[in-house]
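Please read the structure below before turning to the comments.
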């Protein structure tokens, strides 16, 4: 117990020595806002699954408009709370659009949702700590590489609409998980460097990480669901 406490103290001391007080304060705000946005997403998904609130296409269109609004409606020091509301609304609408997928997965095996959620949390926390305790700017080079990979995946998705290749579809899912995991490393260190350069847009930084978490969670859900479906298909064939 004492050894664990000493390691924890060393971890905290190392973090405090590595980052300036204003950086630590900014990161705390970012992660708190990320947690609140995720809670809004969970609320939206729960209400949709229970058929209490179902915005349907309106949620998808609202998500797009809110993202564009947050992108162009920059922080000017007077619109902070309005932008926070827009971010939480985006989180809620994202949950509404995620609800049908979660409802379908729950009809197959509800444990898939828990597994994907736990996997997403562990992955995000582990990679965030790895980025924060790595050398300064070590993962910033990933930005250009990841954008190139995403562009390539988008092109393959368009082509696969005509070829309908299962191999390409599965490859995109697994590569997508790796890409989103790499984005956590990149965005975490990028946020730190932006804060040191004078950018204190908590809302934008929280949205960057929220995109990473949501994309990672969605891909894990699809991968685990497809795996369960293939497993059940094989069991049905054996019974026949």
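Placed from the backbone N, Cα and C atoms, the Cβ positions cover glycine too.
In TrEMBL this protein carries:
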TRANSMEM  30-49  transmembrane segment
TRANSMEM  55-73  transmembrane segment
TRANSMEM  85-106  transmembrane segment
TRANSMEM  112-132  transmembrane segment
TRANSMEM  139-160  transmembrane segment
TRANSMEM  166-186  transmembrane segment
Seg_contact(the transmembrane segment (166-186), the transmembrane segment (112-132)) with at least 3 CB pairs under 8 angstroms, min sep 6: yes
Beyond the flanks of the transmembrane segment (139-160) by 6 or more, those residues with Cβ under 8 Å of it: 131, 168-169, 172, 175-176, 179, 182-183, 185-186, 188-190, 193
Maximum Cβ pairs under 8 Å to the transmembrane segment (30-49) - stretch from the list 55-73, 85-106, 112-132: 85-106
